[in-house]
C-alpha cells in the first residue's frame, strides 16, 4: 500500500509539473514567437532552479518530509523539465539547417540549467 501511495504522490506531482510546462510553452510561444523553443528553455531553467533549491533546503531542514520531497522533485520537477523535448527540438533544428539555433539551444539549456541548480542551492543556503 505504501508503494502505491508513493506512486500516486509522484503521479500527482508529474501531472502538475507537465501542466505547468504546457502553460509555460503556450505563454512563451505567444510572447516570444515560435522560432526558438523558449518554453522548453524556461521550463528547464525553472526546474533546475527549483530542484537545486529544494534539494539543498531539504538536506538541512526537517520542514520538507520525504514524501513532500518526492512530490516536488520526482513529481513536479520531473513533469516540468523535459530532456526528451529539448533533444527532439535540437535535432529538428539541426536537421532543418538551423545549425546556429541548434547550438544555441544546446548551450542555453545545458549552461543555464547547470547554473540555475547552483543558484537554487545558494538561495536555499542564504534563506535558510
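Glycine too: its Cβ is placed from the backbone N, Cα and C atoms.
Per Swiss-Prot, transmembrane segment is recorded for 4-24 (among others), and the stated evidence type is sequence analysis. Beyond the transmembrane segment (4-24), the same-chain residues lying 6 or more positions past its ends with a Cβ under 8 Å from any Cβ of the stretch are 39, 42-43, 46-47, 67, 70-72, 74-82.
According to Swiss-Prot, the transmembrane segment annotation covers 39-59 (among others). Long-range contacts of the transmembrane segment (39-59) within its own chain (CB-CB distance under 8 A, at least 6 residues past either end) are made by residues 17, 20-21, 24-29, 69, 72-73, 76-77, 80-82, 85-86, 89, 105, 108-109, 112-125, 127-128.
Sequence-remote contacts of a segment are chain residues at least 6 beyond its ends whose Cβ falls under 8 Å from one of its Cβ atoms, and for the transmembrane segment (71-91) they are 9-21, 37, 40, 43-44, 46-48, 50-51, 54-55, 64, 102, 105-106, 109, 113. Per Swiss-Prot, the feature transmembrane segment maps to 71-91 (among others); the stated evidence is sequence analysis.
Per Swiss-Prot, the feature Na(+) binding site maps to 78, 81; the stated evidence is sequence analysis. Secondary structure at residue 81 (Na(+) binding site), as computed by DSSP, is coil.
Residues annotated as transmembrane segment in Swiss-Prot: 99-119 (among others).
Set side by side, the binding-site residues 78, 81 differ in how many other CB atoms lie within 10 angstroms of their CB, and the most is found at 81.
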